[in-house]
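J.: Features from Swiss-Prot:
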type    : residues      : note
DOMAIN  : 11-127        : domain 'MTTase N-terminal'
BINDING : 20, 56, 90    : [4Fe-4S] cluster 1 binding site
DOMAIN  : 150-378       : domain 'Radical SAM core'
BINDING : 164, 168, 171 : [4Fe-4S] cluster 2 binding site
DOMAIN  : 381-449       : domain 'TRAM'
């Protein structure tokens, strides 16, 4: 490569990530691709030649956040007209060229399946093109060989599949991420082996429907077994699954292997069968409760968390009460709870009226949050006196004299740093912690000698 070509390609890339862990992982993929193309990464947008916003499209406020952020970057574009600004991810895929009609300082719009093209697209911008959009969905792209290096201390995310085939009526993911395709299991094993060599002790496997993983003759349970057999990773977690894909042999594997953490995120979305049918969730209230019963029969000390939407189109007060009844019956450890908001391009937006008044949605959400907070507190209080094996993940955000980590069943736990102990030497170690008190969000305890 000539000096001139090197100068044209060189530059500092800043990536700002919004949304889920999958986006965090994808930002790692983009960083790796840009490094391979001889760009360097930057932690400062003010001192960068390229700014990427890796975006989310799941919630209504996600779009507003990005519009506001792009407007706030306008002064950098005025100061440096050669600055390249791109929107990546689900919002890019969802809105495409429409983003260029908003009078925003924007050069590139690139969907999740097109990140390999970023270096070439930047060169086209630098040669004078503008407003380039690339949002093709792929049936095969999994970025198998890319090393994203998405590491947080002693834990890391590993994407094992991309896309979704379920087409829930409220969800934009199948339209922004494409159809399901799974990575080669051998490439996943290699990635985890590499992470272990780098000091990673815990991984979280990612996918839009992570337990729908299927590649060659390997299903999700088979992949877990490979990771248990062929790597020394200490703890394996996963998110987000679908309730329809919990075969008995997967649960038995969890019950028999302490390295496969008994921590399941099981999205309910609604507790009324008619509403679930409108959502196209492919299970009834009774079928969901049967899945919960089987999980708890096979994995007694499991932690179960969930997602719930209130105010879905045509949801009546009685149907909302059904959701509250399911929450009381299941006793979730924790829940992510949201008011329904229309997402452009979804079946619900096209076919169903957003006809539950905003004040009713807000009242229902408040009622649900109050109920779940009370349940979470009781669930955590029931753990007082118990002893858990906890992998120390970090220093507590509230005090440098406190350490934190999660129980195998997923509850965040904080406990004092032992006197005359080096903090850095503790992070990544596994200790026995006795629980002494609890809030709705956190367990508090002490390390046993």
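In case you wondered, yes, glycine gets a Cβ from its N, Cα and C as well.
Walk me through the surroundings of each of these features.
T.: Taking H, G and I as helix, E and B as strand and the rest as coil, DSSP gives the domain 'MTTase N-terminal' (11-127) the counts 64 helix, 23 strand, 30 coil.
All protein chains considered, the CB of residue 90 ([4Fe-4S] cluster 1 binding site) has 27 other CB atoms within 10 Å.
DSSP assigns residue 164 ([4Fe-4S] cluster 2 binding site) to coil, not to a helix or a strand.
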J.: Using the structure shown, find which entry in 20, 56, 164, 168, 171 (the binding-site residues) has the sparsest Cβ neighbourhood within 10 Å.
T.: 20
J.: Taking the centroid of the Cβ atoms of 164, 168, 171 as the [4Fe-4S] cluster 2 site, which other residues of that chain lie with their Cβ within 8 Å of it, listed in sequence order?
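T.: Result: 166, 167, 170, 172, 173, 174, 208.
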